[in-house]
Amino acid sequence: MSELHSLLTFPVRPISEEHYLGELSRFLKAGIPATYTLEQVAAFERSELREDADEVSDEEEQSNTTPLHILARSLPGNLSDDEEQVVLHMMDMLFEYGAGWNFIDFENKTVGDLILERNGGNRESPLYQRVVEAGVSAELLLRKLNGGDVEFIDENEIDICAEASAEVVPKDALDDSTGKVSSVSDDDATAADPDTYLNTKLKYTEDALITENNKDGVMMDWETDIMKLAADTLVSRKPVGESVVLNIGFGMGIIDTFIQERNPKKHYICEAHPDVLKKMKNDGWYQKPNVVILEGKWQDSLNKLLDEGNVFFDGIYYDTFSEHYEDMLDLYDIVVGLVNPEGVFSFFNGLGADRPLCYDVYKKIVEVDVATYGMNCEYTYVDLKGKLPDWKDVKRSYYNCEYYYHPKISFA
């Protein structure tokens, strides 16, 4: 462990500016990177001892135990308010010198995970929120540097935070300039690329919709309570029987069933997958008098509605598979033209839901993005403790947080 890392274990109490800030500044100004990891220290010490520096464990290759991890893991349980302010200044200094917000350490934890462990899971604590703020700033800056193209999650970070798709997209599936899927392995192509997904056979089970071969979870019935809340949101702006609503992505039809129970005046459903459309026909959705089926990709169907200018919605919901946050940004452009001034937009919020830190970062990023359209995003907190499945019948989990932020977006 280096002197920098040792300092961040807080060997001296109380934690004071005099003892810690000056020393931290001295190390950083001397050129020690704010991202200097324990794994790098270990590799250096091996080389100094003339050991084989190439003999590195898989865990060491994949982990990055940064100074911020040391700080977070060493936080005293009885931190005073004054000490907390000093720690915040130390975090500010580390971020100023380039510390990353979402690296994973040797225990597969982010700095945010460690802080939550130390403070009893309080996501509103100043220390945790400081990491969230750093994540938002870093991701928005990265987008700006990429010329406006969305490529949240940089090298070695893609496995930590998922984007808008339910599944995590591997790093090698992303084009470096645009963040769009360019080439993926056969196993991950379905979850990463909409065109591949639309040509993939689907299977309806008792409690899920999955891809037939890979068993990617497209939709599962644990989402039922979330969909009920979403249906209530869509029809909340008009009296019963007067709402005109749009759902993008039928899936298992959970939200659409709830919408029908609320007797909308008109209920539009946009769906592109042929297997889902076939089930909708078999289940009688095409025969419902107040239902309009928009077959095909929403990018085509909704732009056509926008061009015609005859249909406007009191509520719009978005829940598709294999799409990403860049697709949602494109959708925002359309939503503002199709939703009534008093209407509401919502979506299945799985953005970054692989980890609480990433989920909380994307929560704020959505707020920032919709604000550019003159819209506010309000969230309803939903407790999911004990409600998530065991994921044994699907390829991998697509939601790992024990809580859910239900978004309600409307014009300010």
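Cβ from N, Cα, C; glycine included.
Database features, via Swiss-Prot:
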type: DOMAIN; residues: 190-412; note: domain 'RMT2'
type: BINDING; residues: Tyr197, Met227, Phe250, Gly251, Met252, Gly253, Ile254, Ile255, Glu271, Ala272, His273, Trp298, Gln299, Asp319; note: S-adenosyl-L-methionine binding site
Are there residues of the same chain, six or more positions away from Glu271 (S-adenosyl-L-methionine binding site), whose CB falls under 8 angstroms from its CB, and which are they? Gly249, Phe250, Leu277, Met280, Ile293, Leu294, Glu295
Suppose you look only at the domain 'RMT2' (190-412); what would the mean pLDDT be? 97
Least Cβ-crowded entry, counting other Cβ within 10 Å, from the binding-site residues listed as Tyr197, Phe250: Tyr197
Across every protein chain in view, the count of C-beta atoms other than its own within 10 A of the C-beta of Gln299 (S-adenosyl-L-methionine binding site) is 16
Counting across all protein chains, other CB atoms within 10 angstroms of the CB of Met252 (S-adenosyl-L-methionine binding site) number 21
What kind of secondary structure is His273 (S-adenosyl-L-methionine binding site) part of, going by DSSP in three states? coil
Sequence gap of 6 or more, C-beta under 8 Å: which same-chain residues meet both conditions with respect to Ile254 (S-adenosyl-L-methionine binding site)? Met219, Asp221, Glu223, Thr224, Met227
Same-chain residues at least 6 positions away from His273 (S-adenosyl-L-methionine binding site) with a Cβ under 8 Å from its Cβ, in sequence order, are Tyr197, Leu198, Leu202
Maximal Cα-Cα distance (Å) across residues annotated as binding S-adenosyl-L-methionine, namely Tyr197, Met227, Phe250, Gly251, Met252, Gly253, Ile254, Ile255, Glu271, Ala272, His273, Trp298, Gln299, Asp319: 23
According to DSSP, Tyr197 (S-adenosyl-L-methionine binding site) sits in helix
What DSSP gives for Phe250 (S-adenosyl-L-methionine binding site), in three states, is coil
